[in-house]
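Read the structure below first, then the notes.
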Amino acid sequence: MIDRYKHQQLRIGSVSPQQISAWTNKILPNGEIVGEVTKPYTFHYKTNKPEKDGLFCERIFGPIKSGICACGNYRVIGDEKEEPKFCEQCGVEFVDSRIRRYQMGYIKLACPVTHVWYLKRLPSYIANLLDKPLKQLEGLVYCDFSFARPIAKKPTFLRLRGSFEYEIQSWKYSIPLFLTTQGFDTFRNREISTGAGAIRELLADLDLRIILDYSSLEWKELGEEGPTGNEWEDRKVGRRKDFLVRRVELAKHFIRTNIEPEWMVLCLLPVLPPELRPIIQIDGGKLMSSDINELYRRVIYRNNTLTDLLTTSRSTPGELVMCQEKLVQEAVDTLLDNGIRGQPMRDGHNKVYKSFSDVIEGKEGRFRETMLGKRVDYSGRSVIVVGPSLSLHRCGLPREIAIELFQTFVIRGLIRQHLASNIGVAKSKIREKEPIVWGILQEVMRGHPILLNRAPTLHRLGIQAFQPILVEGRAICLHPLVRKGFNADFDGDQMAVHVPLSLEAQAEARLLMFSHMNLLSPAIGDPISVPTQDMLMGLYVLTSGNRRGICANRYNPFNCRNFQNEKIDANANKDKYIKEPFFCNSYDAIGAYRQKRINLESPLWLRWQLDQGLIASREAPIEGHFGSLGTYHEIYGHYLIVRNIKKKILSIYIRTTVGHIYLYREIEEAIQGFCQACSDGT
């Protein structure tokens, strides 16, 4: 439906029999009302045409071919001069055949039938509203027992005996056997109530506002009593309070949505449009039919049998009528939700029938597969892998996916640059993967963001915008810091790619949806792009070396290493000391690491511009060295000071590793970039 703000939305709920009748009934130009499906047939075996008043009737659901009736006559659709608007012989209107996708029919049930979703699904809505055990209501629905009608004025047979539910239950095999159909109907209408009709009467007598008042009052009284000290009684009171809360919420929902409780019992059963339950002809002339058609046929067969028992036959025992009502209830249950009451119904090949619930629920159901997860143009899907060299707002898009997503833009670029004369030539160049195609593709992608989505999209960070770049392979490369927002892992997860086409969508993607603009959780405001898993392990490896200072590394015999950071035998080199290398700047240290002269965690001395105020004055040097040029080296735990003869500081070296240098440079570049961005913004 469409609300007042012109937003399309879908709402599922109970409807009244009058609303079902308004949806399904239609008045033909001759005044005839059609819409009721009375025959369990589909197509005639000789003519292959839909049977009249059957499950595919053209009078009820519309013509199979646009503007052509069942007789074969043709009229122009929408031409007001064409008269009449329907075929007087077969009663089929001359309308578009697409009407068979939304025009419904109905089955008029011979007895009320309880909707199994409201009865058997947990929590049971009917049991909550009536405040009765579910097992007792099931016995009433499936005619296992009856209850006496509350007649105040007239003294009835059962009231004179003072009988109630469980006494009548013992009579359920005796009373119907001595009564015919007509006599049993008279007796039942006066004395007892059973089946879904009894549930309907109980629901119709409910006053939802009184339920709200009494339930709230009882909950308040239970809360004032407090704990009794008996664990069993306290649990019982707690369960009762939870039940009252559910009952109040359910009653409020019914009042708010203007739904009457008795609508949970069906008198008219809607029949889906034929295009949603098709019969398809395959090779060899065989027909494949939807399981729902077979379930509808079963309902119609049993309903017609019950109608005959109630109207035509006068000598049928009442027990047979009750049994047939139970069969109708079970047939409708199977149509709505096969297997909800136990063993599911199967066909001749021992295959379970797919009921209405199976068609709409789950990942392959109508909503998630066709409406929410349907395939759209300008979209793709692939596995995600980590791209540590990418920027936070970039993602790597495989060439195979990129050329398909941006094919129309590439074709326009080829034609504009006079590299192709028409669309066909441009597509040929794309199929042959000429080098010029990749150049134009990169130009197109440079100014066009893409959207990445990972299902299920539970919050707004489940879909974010990125600037794509071409990568080799068939997997989408993603920066590891954006993983948490998508709740994804690099263990085979897949993501969908979408291309925003309109200028409004592209502007929204750039201004609101880019990944570097969604660093905080929208729920609690905490940072969501934080290092985890592999990144933490990498940072640990970078900074794990040289953790215990110079003393532990130099004088521990198990830590003796050469200049290549290789372990040496401490006993064989007892008098040999390996000097740690000195570097004037970080570039020399990184160069030595790339030349494999040192390892990532090898300790080294790096010349550093360190403020003398940061040096602790009370710290005593571990040892001192005198150089040949008169310099004096004071060695501390994590730094070294070089002084001249006059005790003046010439330089300061810090003891570090290549991993620490890499981490420091990354942090320094990030801070400089942030400061530059702030200065550009001001």
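All positions are counted from 1 along the displayed chain.
Backbone N, Cα and C atoms are what each Cβ position is placed from, and that goes for glycine too.
Around C87 (Zn(2+) binding site), the same-chain residues at least 6 positions away in sequence with a Cβ under 8 Å from its Cβ are C69, A70, C71, N73, E93, F94. A coil conformation is recorded for C87 (Zn(2+) binding site) in the three-state DSSP classification, outside any helix or strand. As annotated by Swiss-Prot, Zn(2+) binding site applies to C69, C71, C87, C90, with the evidence given as sequence analysis.
When other Cβ atoms within 10 Å of the Cβ of D493 (Mg(2+) binding site) are tallied across all protein chains shown, the result is 16. In the three-state DSSP assignment, the secondary structure recorded for D493 (Mg(2+) binding site) is coil. Residues or ranges marked as Mg(2+) binding site by Swiss-Prot: D489, D491, D493.
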Candidate binding-site residues D489, D491, D493, pick with smallest Cα gap to C90 (Zn(2+) binding site): D493
Chain-internal residues, separated by at least six, CB under 8 A from D489 (Mg(2+) binding site): R483
Zn(2+) site, defined by C69, C71, C87, C90: further same-chain residues with Cβ within 8 Å of the Cβ centre: A70, G72, N73, F86, E88, Q89, G91, V92
Close in space, distant in sequence - D491 (Mg(2+) binding site), Cβ under 8 Å, 6 or more apart: none
Binding-site residues compared (C69, C71, C90) - highest count of Cβ atoms within 10 Å: C69
Shell list (Mg(2+); ref centroid = CB of D489, D491, D493; cutoff 8 A): I384, A488, F490, G492
